[in-house]
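Per Swiss-Prot, the features are as follows:
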type    : residues        : note
BINDING : H68, D106, E226 : divalent metal cation 1 binding site
BINDING : H69, H222, E226 : divalent metal cation 2 binding site
Amino acid sequence: MNAVMTDVRDLIRYCDDVLDAARFADYAPNGLQVEGERPLQRLVSGVTASAALIEAAIAEHADAILVHHGWFWKNENPCLIGIKGQRARTLLSAGVSLIAYHLPLDAHPELGNNATLGRRLDFIDMEPTALANGLLWVGRLAQPMTPASFTEHVSQRLARPALRVGRETGSIERVAWCTGGCQGYIEQAASLGVDAFLSGELSEQTTHQARELGLCYLAAGHHATERYGVQALGKHLAERFGLWHRFVEIDNPA
């Protein structure tokens with residue numbers, strides 16, 4: 001396919017509209033974080049705007065990088081020094097744009113991290129709830145599983161071992177989930193009457209909460225649970241604008 005040249009700002013306006021980005025009070029700016037020096041024909045997507053992803057994008061002759069975890073987070077030192085300075089120098093010297101969408105990409109009902117993870121894990125009857133600003137989703141397994149078999153299913157589908165705490169017996173059918181670092185929503189998930197709650201990370205207190213709530217909790221990886229939304233958005237943009245697109249996986253066990 002011959003890629004079509006696109007003004008990056010046209011693409012940003014489209015993304016802002018599709019993802020309803022203005023609705024979210026986020027922890028970092030959504031949209032165009034660093035403006036490159038040329039029109040967009042080749043797009044690389046990835047989870048996090050790390051040095052490894054930037055270098056991989058440059059090797060692919062990308063004009064822009066699309067990520068879920070970008071730069072300029074609130075309460076973070078804004079100065080471009082140390083590794084942040086090195087990342088910025090590498091990106092700017094290559095003339096590559098950086099595009100990031102955080103909460104809007106978590107929440108989108110088709111392209112978002114929660115929606116795409118649910119499909120990846122073969123959940124059915126999926127829908128967002130009113131809890132956690134709509135970021136907490138609920139659904140069912142097509143067939144009930146034991147906690148052990150559910151853990152194995154998730155591990156296989158995500159190609160990463162999931163860590164289980166809390167409930168060890170009984171049947172898992174109704175599931176709540178929220179990608180990334182959302183273990184703090186465990187009590188809200190339990191209030192939905194689900195058998196299991198899945199997110200990316202595990203905190204010290206999560207183990208005790210899961211046990212006391214009688215809930216099966218799976219920590220399936222922050223990175224692993226947030227790989228699929230940015231892939232879906234990148235693919236959608238490639239089809240919409242006639243771009244060349246490739247998702248680059250930078251392994252992260254966290």
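The backbone N, Cα and C atoms fix where each Cβ goes, glycine too.
Summarising the environment of H68 (divalent metal cation 1 binding site), the number of other Cβ atoms within 10 Å of its Cβ, over all protein chains shown, is 26.
Apart from H69, H222, E226, the residues listed for divalent metal cation 2, the same chain places the Cβ atoms of V47, T48, H68, T179, G180, G181, G200, H223, T225 within 8 Å of the centroid of those Cβ atoms.
The Cβ centroid of H68, D106, E226 marks the divalent metal cation 1 site; residues of that chain outside this set whose Cβ lies within 8 Å of it are V47, H69, H102, L105, G112, N113, T179, G180, T225, G229, V230, given in sequence order.
Recorded residues H222 (divalent metal cation 2 binding site) and D106 (divalent metal cation 1 binding site) have their alpha carbons 12 Å apart, per Cα-Cα distance.
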